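Peer 1: Pulled from TrEMBL, these are the listed features:
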type	residues	note
DOMAIN	A:5-121	domain 'Semialdehyde dehydrogenase NAD-binding'
ACT_SITE	A:Cys132	active site, acyl-thioester intermediate
ACT_SITE	A:His246	active site, proton acceptor
Protein chains: 2
Amino acid sequence: MKEYTVAVVGATGAVGRMMINVLEERNFPVKELRLFASPKSKGIKIPFRGEEINVEVLEETKSFKGIDIALFSAGAQRSLEYAPKFANDGAVVIDNSSAWRMDPEVPLVVPEVNPHAISKYKTEGIIANPNCSTIQMVVALKPIHEVAKIKRIVVSTYQSVSGAGQKAIDELISQIKAWCSGEPLPPAKHLPQTIAFNCIPHIDVFLPNRYTKEEMKMVEETKKIMEDPSIRVTATTVRVPVFYGHAESVNVETEKKLSVEEVIEILRKAPG
Amino acid sequence: MKEYTVAVVGATGAVGRMMINVLEERNFPVKELRLFASPKSKGIKIPFRGEEINVEVLEETKSFKGIDIALFSAGAQRSLEYAPKFANDGAVVIDNSSAWRMDPEVPLVVPEVNPHAISKYKTEGIIANPNCSTIQMVVALKPIHEVAKIKRIVVSTYQSVSGAGQKAIDELISQIKAWCSGEPLPPAKHLPQTIAFNCIPHIDVFLPNRYTKEEMKMVEETKKIMEDPSIRVTATTVRVPVFYGHAESVNVETEKKLSVEEVIEILRKAPG
């Protein structure tokens, strides 16, 4: 079986660490694992298959040759700057950030939904991974769209703090612990408001059209992944005081009428 | 100024206690306050305007004559049994429970929306207060409906534990405290699942149509309060780990097209 040299960029972040765990859990055919992070992570070692892997500093690395697959979760800025460097050195980059998603030359892919999109595009070497809230929605909606053609989607989300990274997870923890101790809650720093015992309808920044960027990501990415710009989407994205996992309430209008039982059957058979 | 003999039924519950606070805060013209609860609350005294008011046992009271207004929040069963008794003895009952809401002879009233409904009905002496999640939604939607006629509503809620009473509030508290102490969480008893760091799309019981009773309350009560059975409503009601306050994401389709600015202006001027 073919083995790959895999890089994880943003290896010390919440997502990076989970990627490393999953590579091990799922026995991905890794010949060599290389880990990259920012200068402040210099010297950190992360275990993989019983070995301690040294974290390399991204900014200090001159060449990325020899890397087959690079999994990026280091923020949009770093993806913008480094994904092309990895790709030019021969890697296929799978990017978790928003940097390349709406680029017309870059495929935006959810494996259960539009894997064929990879070959549709002029080879850039970059494949974009959609926004967390978009992914789970299109996995559920694609099989319905195939049978009954979706016209309109109204979605409201219930997004956990991990979506905003380790610092947001730590912020919820420290607020809850302060509450338990009867101390004043530390002020909100990594989320727009206090999140303990609260819900915040504000994820990412507000745009002139009064939606947030998170909401518009759901709108734009859905149309691209489903390959149908006629699907109308409106989203309200809300942060809830949960650690891991996102939930969504999705209302769907279809061209063709479907019974509840038909929808249940479609979803029961669908991947993911 | 006219003064009233006011009764609070369910005086020791979360809502009852808040009603007593609000009567005092807002200087309601109370001549005499009488408090009723179940036998297990016998002997309890609750402060009101510097006095300690003795809680009377509902089941042990023979007559309710002399009571002008009775505010009920003691569950549907008690409302079904006792609201007519108070009404027959001359009180106007304002009932918080679901018992009388969809009764064709009973007005279902939100003061900002349909106060005129009180005189529409043959005098039963009972006025029903809608479900918590319905009330705030119709207060926001009525002014839009008046200008542009609402055709369809898609609502997803974010409901606090207080909606399920003091026991649910205590359950969230005990789960969070156990978490802070590193102890196993006490099992869910008053909510369908563990609520700490979780969201539960299950409020009240599931019905054969796969909606919950809470969701169907929003559907049916909205049509009655807005006096328009043609308004189509679909709801997803979700419990979130928040103590007090409900939030809702409401998507509205209107007959007449309105700009965002027009809607903002309508809401800015609307009561509540």
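Note: Cβ is positioned from N, Cα and C throughout, glycine not excepted.
These numbers come from a predicted model, not from an experiment.
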Peer 1: Determine, to the nearest whole angstrom, how far the Cα atom of A:His246 (active site, proton acceptor) is from the Cα atom of A:Cys132 (active site, acyl-thioester intermediate).
Peer 2: 8
Peer 1: Using DSSP, what is the helix/strand/coil residue split across the domain 'Semialdehyde dehydrogenase NAD-binding' (A:5-121)?
Peer 2: 35 helix, 33 strand, 49 coil
Peer 1: Over the domain 'Semialdehyde dehydrogenase NAD-binding' (A:5-121), what does the predicted model average in pLDDT?
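Peer 2: Its mean pLDDT is 95.
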Peer 1: Cβ-Cβ under 8 Å from the residue listed as 'active site, acyl-thioester intermediate', same chain, 6 or more residues apart: which ones?
Peer 2: A:Gln159, A:Gly163, A:His246
Peer 1: Using a 10 Å radius around its CB, how many other CB atoms surround A:His246 (active site, proton acceptor)?
Peer 2: 20
Peer 1: Please classify the secondary structure at A:Cys132 (active site, acyl-thioester intermediate) using three-state DSSP.
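Peer 2: It is helical.
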